[in-house]
Structure formats: structure tokens, C-alpha cells
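Asker: This structure is in C-alpha cells; I'll ask about it shortly.
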Amino acid sequence: MQEEQQVAILVGAELQQQSSHERSMDELEQLAFACEVAVEAKVSQRLEKINPSTYIGAGKLLEVKQVLSATDANLVIFDDELSPSQIRNTEQILECKVIDRTILILDIFAQRAKTKEAKLQVELAKLQYMLPRLVGLRQSLGRQSGGVGTTNRGAGETKLELDRRKIEEKMSILSKELERLVKQRQIQRGRRQKQEMPVVALVGYTNAGKSTLMNAFLQFGTNASDKKYVFEENMLFATLETSVRKVTLPKNRSFLLTDTVGFVNKLPHHLVKAFRSTLEEVKEADLLLHVVDYSNPNYEQQIQVTNETLKEIGVENIPMIYLFNKSELVDDKFHINREDSLYVSAREKKGFEALLQTLELSLFATDVKVEFLFPYTAGEHVHYFQNHADVLEMEHQETGTYMKVICRLKDKQKYEQFMIKTV
């Protein structure tokens, strides 16, 4: 039996102090499309403050009900997170299933999650959302089953069949399993730190092009035989997992590049909490590349949302470079010259020479030119510098192997006993 097509009416409140209401409603429509929900109409109301009982005023809610009666719409989606009482009251008045922006985003995350950790994080976030809303959600089941906001994908049982005690038990189990996976990731992070390579993290709004940029980095790097591309797609939240790749530049200069989950306006706090351990990978970075979709008319607001989310998870005081991606879609005359910004096209591989030069200056500014003389019994040290430094000169002499290199300051200090002089 084919599932009924979900058709929604989007409802939002335009508060007096907000200037981004229309953009928020447009983004809500994109989120609905991502869940394969058709949008029939948008209804907005200007308010001084949100109605604590029904979100919008009673009269405007009746207007929504009239639209429901006159169209094929069978779902109402609100642009903010609703309280349990707001869900209950609006469903009673509208006689229709009601969901909010939060559950819409949670459902997208559930569809996109690929790894075990991401699936557990999404499931935990959904249960945290459900717990105070059990009454309203049970009423919703009586009106319509299936579709967005009613399934806990991959959990093995519908969330409406769980009572409060079972949800709390499930949350406890998920939290313990996540703790175990987090410890595994911490061990992996420790191994990477032992390599003593700089770490660069890609951050930014969802669908800004972070994964495409990472793949472009891998193509520009010299480790061509070691390429392991990440998934990229023109859709919201294509990447939920943290990917780490080694990028090797000319002159044996390497760094670790981290791709992270994208942010979105009004990112549910349940998700931020559940994904905190994943997002905190960014804290280990030596440099942040803030990827911006320059072709998006709302890119300035998206920059603000990303920076606010980074601050929320405690990412501060890390150097940041803004990468205005998709610049091929914007006329050059609109480019603004800023010291902390570069214009690139990950898709067309433009602007990468300037980007790589900037990375070299940022990550390897403390590199030093040194002369070493390694005895022939220390051949492993010679091999190390051949793979981890820019070798300017190398000569086999009577007492050992002479090398003039540009290397990391840490390596100079580590092999100081073999040093002839700093050039």
C-alpha cells in the first residue's frame, strides 16, 4: 500500500526585532523538501511575542485551518520548536498533525546518518525531543501515521510506542554506547596527535561545499595515490560524520584536514548536545577554514549562525580564514578584499594556489633551515627527514650523511644532537 503524499502548510511568526523571517521560512521549505514533503502554502503573522498557548494568535490559527480545508494539505509545520502544550493545543484546533522545525531537522539527520555513532547521536537527540512531548505525539498518532515526524528510523520501534520509562532507559543505553565510541575516537585522535601534524578543520553552514572542498584539497595534494574521497552532494546535511584526511603539499609539508557536520539556523539544542563530542573535534584544530556559500543571498546570516554555533560548543581563539566558495557564480566586482578571506571555487578548482600559499604561511611559519650530520648507524633519521622535510642538500660524507633541510621547529629540537648549525 502506497504511503499518502505529505502536503504541508508552513507557519511562522515574524517578531518585530527579527529581520530574517522570510529567509527562515524559505529555509523551512527546503527542509520540508529534504523530507519529501510538498509545500502547499506559507502562513505568517507579525507578533510582538510568541503565543505561549498556540504559537500564533487564535484568529490566524483559524485561517490556517481554512487553508487546510481548501487544499490537499494534511500536515502543518511550524518554523520554531513548539512546547508540548503548543503541539497539543494546535492539533486540537487544526484537527491535523502538527510538527515543528526541530523534528524536521531531526528526521533529515536520521535519513542521512551512515555511521553507527551518527545513528546513535540522532536517535538520542530524537528521544530527548520526544520525552516531554509524549501526550501530544500520542494524539498525533490517532490522526495520521507514517511520514515525517512519526518514525524513529532504524530504532526498531516507533517512538509513540515507548512510554517515559522506556525512553529514559533507552537514552541511558545510548549514552553509554556513545561514551564508548567517543573513547575510541579519542584514542584515534591521540594517534593522530603523535604524528605532530597541524590540523585544519572545515566548518560552515550546511551545503556550503565543505566536502567538495576537501576532495579538491586531496586532488591538489601530492599524495595522489593515497586519495580517499569523502561523500559530496548538493543537499542539506550530506555529511554528518567527521572525516579526517592527510593532505601533503610540495616540499613534504603535510597537515590533517577535518570535514565536519554543517550548521543551520535554529539548530536544535538536542542535536548540538548529542553531536557535541563530534563537533568538539574542531577544538583540536590549529586553523579553521570557514566555508561560505558566496552564491547564497543570505550568506552573511549563515556566517553569523556558524560563528554563534562554534561559540556555543566552546570553539574560540582559533585562527580562522573565511573561504567564499562558489565564487564562480558571483561577479568579481562584488568581491571584498579582506585579510582573513579568500575567494575559491571548489567545483572548478579555482583560487587554490592562493589558498595553499596562505595555508603554508599559516601552518608552517615556524619552520627552520637546519644542517644535520647523521652517522651511518642512524639511517632511520635520514629516512624520516626525506619524508617529513624539504631536503635542500644531501651528501654522503666520510663520517655520515650530511643534510640541509627546512623542517618543523619540533624536529629541529628533537634531533638537536645531530645538528651542525641553524642556517
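A Cβ is built for glycine as well, from the same backbone N, Cα and C atoms used for every other residue.
Nobody curates TrEMBL annotations by hand; they come from automatic prediction.
Take a look at what TrEMBL says about it:
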- 198-367: domain 'Hflx-type G' (DOMAIN)
- 204-211, 259-262, 345-347: GTP binding site (BINDING)
- SER211, THR239: Mg(2+) binding site (BINDING)
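On this model, are these features tucked inside or out on the surface, and what's nearby?
Answerer: Within the model, the domain 'Hflx-type G' (198-367) shows a mean pLDDT value of 81, rounded to a whole number.
There are 30 other CB atoms within 10 A of the CB of LYS210 (GTP binding site), with all protein chains counted.
Over all protein chains present, the Cβ of SER211 (Mg(2+) binding site) has 23 other Cβ atoms lying within 10 Å.
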Asker: Spatially, and counting Cα to Cα, which of the binding-site residues is closest to SER211 (Mg(2+) binding site)? Options: GLY204, ASP259, VAL261.
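Answerer: Checking each of GLY204, ASP259, VAL261 against SER211 (Mg(2+) binding site), the shortest Cα distance is to ASP259.
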Asker: At 10 angstroms around each C-beta, which of the binding-site residues ALA208, VAL261 has the fewest other C-beta atoms nearby?
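Answerer: Among the binding-site residues ALA208, VAL261, the sparsest Cβ neighbourhood within 10 Å belongs to VAL261.
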Asker: Determine, from DSSP, whether GLY204 (GTP binding site) sits in helix, strand or coil.
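Answerer: In the DSSP reduction, GLY204 (GTP binding site) maps to strand.
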